Amino acid sequence: MIGAICLIAYPTFSDWWNRMHQSYAVASYVEQTEDLSGEEKQQMLDVAHVYNEALAANGDRWHLTDEQRQTYENTLDITGTGIMGYVTIPRIKVKLPVYHGTSEGVLQIAAGHLAGTSLPVGGETTHAVISGHTGLPSAKLLTGLDELQKGDTFAFHVLDETYTYQVDQISVVLPSDISKLNIESGKDYATLITCTPYGVNSHRLLVRGHRIPNPKVPDATTYDEPGYMTAVAALVIGLLVSIIGFACVWLAQLWRRGRIVKADRVAAGRHSSGRRA
């Protein structure tokens, strides 16, 4: 029974654990960003823009050399953990850290920036692509991305800058089809990618947006924050402890009753044997 309870509780606990990691990763990123001077931030953004310009001119941007990959991994990595910023998607109340690369280790806990695409710092002739899993029992991540509609927005937050994009194209393609991820001259695009349909993952859902001015009204969406997640954790853990405690008491009572019944049967057997003698 305890095993069944743990099995049932695993998705909830795992999702909480991943959300905790995500919220603390974002909070840590914001804190370290605030410690940088304005000049340091601008220098990092300048380096990112130079990288994007070179990438747009690269005829083989999907196959980076070792030197190019090292430059990519170092750019915007202010914490040394690979995080380059975070993305917010108000429609589905998602706030995720964005890491360099799309390794499985990254995609299990966060969103990954697709190497070979522009860094998410805006600018003409750029196209940033962010990938994330959908439908994992252990984490929400980009689950719900298929709910986005044309006109919805999402935003990248890099250093202390915010880059807002409005959805203008939603496509479903085969995994090998990268034609819609091209960098177009003069355009400032960003695309969110996830697997589709749920449980099958035979195709890729591409949600593209074009850059728009940041809204004058601040984003009022309620996202998971460290304090909130800690409160949820305390509630979930308390509930699990109570359930397991109840199960242990119940099993102990069953065991005790079994022993009593067995003892009664043994005593009855002895009594019958004595009478026959």
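Cβ coordinates come from backbone N, Cα and C, glycine included.
Taken from TrEMBL, the feature active site, proton donor/acceptor applies to H133. Residue environment of H133 (active site, proton donor/acceptor) contains 22 other Cβ atoms, counted within 10 Å of its Cβ in all protein chains.
On its own chain, C195 (active site, acyl-thioester intermediate) has H133, T134, G135, N201, H203, R204, L205 as residues at least 6 apart in sequence with a Cβ closer than 8 Å to its own Cβ. Mapped onto three states, the DSSP output places C195 (active site, acyl-thioester intermediate) in strand. Residues or ranges marked as active site, acyl-thioester intermediate by TrEMBL: C195.
As annotated by TrEMBL, transmembrane segment applies to 228-252.
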